[in-house]
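Asker: Can you read through this structure? Questions will come right after.
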Amino acid sequence: MKISNFSISRRITTAMIVLLVVLIGIIAFSRLKVDLYPDVTFPGAAIVTSYSGVGPEEIENLITKPVESSVSTVTGVKSVSSTSDTGQSTIVVEFEWGTDMDFAVLDLRQQIDLISGFLPDEAEDTLIFKFDPAMFPILSYGITGEQNLADLKTEVEDNIVPRLERLPGVAQVNLDGGLTREILVSLEGDKLYNYGIDFSTVNGILAQENVNVSAGEIQRGDRNLLIRTMGKFNSIDDIRNINIPAGNGNTVKLSDLGSIQDTYAERSTISRVNGNSSIGLSIQKQTDANTVQAANAVKAEIEKIQNEYDDLNIITAMDQSDFIEKAIESVQRNAVIGGLLAVLILFIFLRNIRSTIVIGTAIPVSIIATFVLMFFADLNINIISLGGLALGVGMLVDNAIVVLENIYRYRSMGVGKIEAAKEGSSEVGMAITASTLTTIVVFLPVFFVEGIAARLYKELALTVSFSLFASLAVALTLIPMLASTFLKVSQKDLDRESKQGFVTRNYKRMLAFSLNHRWIIVLILVVLLAGSIALVPGIGTEFLPESDQGMFTISYDLPASTILAESDNVAQYTEDVLASIPEVKTVFSSVGSADMMGTSTSSDSGNITVLMKDLDERDRSTDQIMEEVRQRLSLPDVNFQVSTQTGFGGGGGGGKPINIKLKGNDFAVLEEYTTLAREEMENIEGLRDISDSFDEGRPELRIQLNRSLMSQFGLNARQIANTVRTAVSGSVATRYEVAGDEYDIRVQLRESDLSSVSQLSNLNINAPGGIQVPLKRFANLEVETGPNQILRIDQERYAEINSDLYNIDLGTAVERIQNRLNENIELPEGYEFSYEGQFQDLQSSFQSLAFAFLLAVVLVYMVMASQFESLIHPLIIMFTVPLAIIGVILGIYITGSTLSVASLIGLITLAGIVVNNAIVMVDYINHLRREKQEKNKAILEAAAVRLRPIMMTALTTILGLIPLSLGRGDGGELAQPIAVVVISGLTFATFLTLFIIPIFYSLLTSFREIVLAKIKGVDRSELEEKI
């Protein structure tokens, strides 16, 4: 039994099945995770090794090179890049897409363990971070209060952080800024020399004395008595009174060697919110957590905390979930408006409320059924998946229109309701199945596409496919059932049909004229195609459209080693500039920026996060406001960078669109030609915030050891290095516990003993036998300038230049840069510029999607060949694709859009949509010819009969996408190019399909008849009755 016949015969059963799907769909929707984008996790890991106080060149030789060589052998590694900074080596390992990163990280750890014995003992344990979107905070707060920063930080750490970390979906809460209590033991160099005491002795004694040790139990009567030796420091005086053994055999109190202060650790970061000193609080979610739910739980708890602590003021600095919710609401709103417009078109054409309601049910039922499939496919709600639904909302009624239109035609012929429903639905069942398959099959190439484009494409592909599959099921079951029950055809309807026949009759006359002048029409088409291709060079390219998320960041760098106070002055200057911009809502400053992993800080830089007012509360875009900020920020020796944080893109450059690398091992050559390239780029219009990886260098005090003299005193390099490190940076000997909290006890040389190079040269080193030897006896101290950082990729040094863009597309910008650099800079042999970052992503994505498009076209042809059991008829229908491309080019050019990954995804989707109308037309032409109608008569009759359903399906799809194409609302920019491509391509192709497809049907079948007639040696007229 045919499925439509079953649904008509078993109407109650059909209704119950539909209601069951709706019920499950509602439950599934409530349990789908919500996020901004699909899970696009970059297949890479960062390997971080800290070695405090060591310069970039030593870091490169001692740590970076050995680790690079080891991890390069791991299976699946695509590239290895590294940054050797002062005190830290960071190596980024990029893997091939599809690599299981859990196993990859295990392999990396195994390789590092193999070489750990060759790394410096003083270096900290190597950390491995797997790249994960959850590494980035979903919420940030600035907390101010009436108490001092130390007490404020303690209150936040003790009372707020634990409450937030217990919340479902929260992985980690990080603090920034404030003061940390510390016990500083500041030793005087001359006293250490006089008493013959070194740092290691002081550290050892402090650690040994500050202990509580269990000594077991003794029996006392009928009970066991626990014995404990209580040696923990209970006060600062306990520390001051510790006895330190001197070199002469006596002891001396620690307080006689220097001062012991209950103070604060040297600040490494400063946080402010809206100009007020604050504690920065950032929240990271768990990897599999729902971003919106986790953020809402945090916001609810923050509201409770704010009500409980009147002395605190908690200000939101960043809320990712707010933009997500607004973006999701915007796409949902566009989808609803699009659906209503589609239903309105139905009513205008049908002028029958019953018919409109019957077809209109296809939209909500299909969407709800899609949620069921999304739940079981482990998809989430995001602007891509919802964009797919919005994209398909107009198409969801296409199958229903064709089915109901055919049922309506049978009813108009006087056939009964039941029989009309059965005959009408079964007659077009194969045609709508084929047209649905052609739309779905274009998404199969997603399995052969790699990279970010594949992740985006997959979400869209599955969502659209699920919704269209559901719409096909609805069209073949629910629509015939409802039509057999509710559809009525009155005399008034028939009279209206007769009036609408005026359009059909005029169309038939124009089509007949076109068939009589086929080659003229074809010539016009060729001219249109050539003209549209000529417009392509004028169309810009970009990777992905940027969304106005209402937030941007300002980062700045000062000369290397600038102190934190100077860096803070720059932050305050920037805050003053931002305070005068009316669209700015919140300004959160973090001075002494930490890296992404939080493993190191730098006093010579800072980051300022700027939160804007909502879109409907400001007249200017974020880009326009950023441009004003760029023009107003200007300080000597300060490099400002103003940028947005996008969800995608990569390849380096701190997320900037332009990232140019110059590879080579000669540091001086790299610096020379990088500087020349940057100067050339300064003259290119549209480039902003140009920066490179070089600066004036970091001043270093290098201690050159004389090993022959060292050996005379029985000293080695490690012992000397440790002594100098403790003297200058201090070392944590033990921890001081007060009321359950622990604070570092840091031992270091008195600051006044380190005020000059000559004083440091007099630092005494304890040699065997208790001899005190000044550092200058076996070492030369020289101040030199070393590189601030050393960059490497695939075990070769490189330099890079980065730039933002303003009012220029990525493709045009790169073309201008390439032309200028090629004309004005001649690189030495073995050196070349490579254009990476977003441009590299764009090129690889375009190549992948171009392959996907060609494969989609082939698959569409194969589906149609199977349906028609013909090689010619699918070829006729495929002519709609170039027709659509003409429209796409014109649409992009006229709207001033760019060619991007999103627009190419739209083009692939269009390839499956645009053939549907031609399928319906050609299928009916073949049907009439099988009934022995003459070819041209069959063409005219079929085109006329299918005119209304073709116009209805095209207009419902087009109008359904109109709200999406306007790009209004938060997050609308990403789906806008897809809608523009589909609308422009479908509009142009639909109009031309009504004339071009009949013409090509006539031409190709005539050509086939001529060829067959010559082969068989018969008259052509004998073949005209055959298909």
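Glycine too: its Cβ is placed from the backbone N, Cα and C atoms.
Annotation source TrEMBL lists transmembrane segment at 12-32, 331-350, 357-377, 383-407, 428-448, 460-483, 519-539, 846-863, 875-895, 901-926, 947-966, 978-1004.
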Asker: Using a threshold of three or more Cβ pairs below 8 Å, and leaving out pairs closer than 6 in sequence, do the transmembrane segment (383-407) and the transmembrane segment (331-350) count as in contact?
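Answerer: With 3 or more qualifying Cβ pairs, these stretches touch.
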Asker: Hey, which of 357-377, 428-448, 460-483, 846-863, 901-926 has the most Cβ-Cβ pairs under 8 Å against the transmembrane segment (875-895)?
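Answerer: It is 901-926, which has the most Cβ pairs under 8 Å.
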Asker: Output the single range from 12-32, 383-407, 460-483 maximising the number of Cβ pairs under 8 Å to the transmembrane segment (357-377).
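Answerer: The stretch with the most contacts is 460-483.
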Asker: Among 383-407, 428-448, 519-539, 846-863, which stretch has the most Cβ pairs under 8 Å to the transmembrane segment (460-483)?
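Answerer: The stretch with the most contacts is 383-407.
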Asker: For the transmembrane segment (901-926), find every same-chain residue at least 6 residues outside the stretch whose CB is under 8 Å from a CB in it, and list them.
Answerer: 391, 395, 398, 402, 428, 430-432, 434-435, 438-443, 445, 452-453, 456-457, 460, 464, 543-545, 842, 845-846, 849-850, 852-853, 856-857, 860, 864, 867-868, 873, 876-881, 883-885, 888, 892, 938-939, 942-943, 945-946, 949-950, 953-954, 957, 974-982, 985-986, 989-990, 993, 997-998, 1001, 1027
Asker: Cβ under 8 Å, sequence separation of at least 6 from the ends of the transmembrane segment (12-32): give me the contacting residues as numbers and ranges.
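Answerer: Residues 6, 365, 368-372, 374-376, 379-381, 477-478, 481 contact the transmembrane segment (12-32) from elsewhere in the chain.
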